[in-house]
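Reading through the structure tokens given below for one structure.
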Amino acid sequence: MNSAITSWWDTNWSGDRSEALVFGRTGKLIRVRGFGRYRKPSVGIGRSGKSRRANFELRMRAEGAGRKSAFRETGRAVVFRTNMSSKTLKIAALAGDGIGPEVMREAIKVLRAVEKKFALTINITEAPVGWAGIDAAGKALPDATLKLCKESDCILFGSVGLPDRDPTIPKEERPERAALLRLRKEFSLFANLRPVKLPKELSHACPLAKERQGTGIDILVVRELTGGMYFGQPKKTEQISAGASKATILRAIDTMVYTTPEIERIAHVAFKTARLRRKKVTSIDKANVLENGVLWRDVVTTVAKEYPDVQLEHMFVDNGAMQLVLKPTQFDVMLCENMFGDILSDEAAALGGSLGMLPSASLGSAGSTGQFGFYEPAGGTAPDIAGKNLANPIAQILSTALMLRYTFNLNDAALAIENAVGKVISDGLRTGDIFSASETNARKVGTTEMGDAIAAAI
């Protein structure tokens, strides 16, 4: 902004964290920050280096929903005030089963470090889900847990399901169906974003030869979550008579259904995120044999016309699976329907070295209070290592970074987490899943030590 500021703007501000970088015409940098709550800033905190009134360019470095700011210019001084967050961030933390509680503990530890660094107010309420919910309240998604989620800004989720216990109850009561799928439907979470990034320090953990890794793997899989085979009706298993003998056999039916609006809204998500990356979308379908694929391709092609700066290519799902291992560096954003995205995102995850490194975000439509999101690691409950301080907490921790970015618009706080993870990896700390004895400077650590190191690096 290149005009002198002569009056208070939006004086109904609050909060106790502020910071500004002010550049006068002389080029002198002024840093203004740290006023107490509800205290009017005094004049003369920063000077332009001139004895007369000066024009200023102000670069705001604060973030948060409901942001408010106030400015005052008095002769040679400018005061800038903004709150980092105008409200308490309300998070429902559902750790779930297996390694869920361990990695959730480390994620909360890192969030507390972020809270302190950025002077945020974060209210984290934990509740049972999955088998923890069944044991506590008789069902995988207890009523109290669902109520908490509805009263929160977002859900930070661990993982659910235990292979040795799941078969003991009806399918519809098992944690993945009764809790995970229900939450997605309950909150209209239609877009799943799963970033797959291979740090150069972990090239040894990628199953591909180094020449196939190129200069680095950086893929974002955008998956539609509420349509397709997983939710289409009819869905049932029935008895039918077959053949001349009239023998009774079982027949299972799943139905793949998509509508134009469902495809349009997920396509817009893919193109908008591609604009922030390398501006390429690869749309995955099976248009050669599926009517759903024909509609998918037609709708995506139409939506692409609204994004002329983004390159679009179409690829059959079987070829996409092959290309992921032959030349993964060709992909930027991969746009997939529900089942194809489920499969390809796990395949892509293997390229990142470990499922323990990969976060995900499931988003609904943006509303007046922000974007409700469901944030979880890509991996499962891993009951074989639960309680042994062996699990990699990075996927859960990076999921909190996605949460801060997409639900709360706190990009600086999200970057602080991502940079802290990068520093710890660069320093050589490794949980067992990403450790290699061939690395000269690598040190194997446990779940707790990894979380401590990342929190300390914030």
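Don't overthink the numbers, they just go from 1 along the chain as shown.
Cβ coordinates are placed from backbone N, Cα and C, and glycine is handled just like the others.
Here the structure is a predicted model, which means the values were calculated and not measured.
Here's what TrEMBL has on this protein:
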DOMAIN    90-454  domain 'Isopropylmalate dehydrogenase-like'
BINDING   R184, R194, R223, D318  substrate binding site
SITE      Y230  site 'Important for catalysis'
SITE      K286  site 'Important for catalysis'
BINDING   D318, D342, D346  Mg(2+) binding site
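On the structure: features taken from TrEMBL.
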| residue | record | Cβ contacts under 8 Å, 6 or more apart |
| --- | --- | --- |
| R184 | substrate binding site | L225, T226, S362, F374 |
| R194 | substrate binding site | L220, V221, R223, S345, A348, A349, L358, P359, S360, A361, A378 |
| Y230 | site 'Important for catalysis' | L181, N338, M339, D342 |
| K286 | site 'Important for catalysis' | N292, G293, F316, V317, D318, F340 |
| D346 | Mg(2+) binding site | L355, A378 |
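For the Mg(2+) site, the Cβ centre of D318, D342, D346 serves as reference, and the other residues of the chain with Cβ at most 8 Å from it are V317, A321, M339, F340, G341, I343, L344, S345, E347.
In this structure, D318 is the one among the binding-site residues D318, D342 with the smallest number of other Cβ atoms inside 10 Å of its Cβ. Look at K286 (site 'Important for catalysis'): DSSP puts it in coil. Counting every protein chain shown, the number of other Cβ atoms lying within 10 Å of the Cβ of R223 (substrate binding site) is 28. R223 (substrate binding site) falls within a strand when secondary structure is assigned with DSSP.
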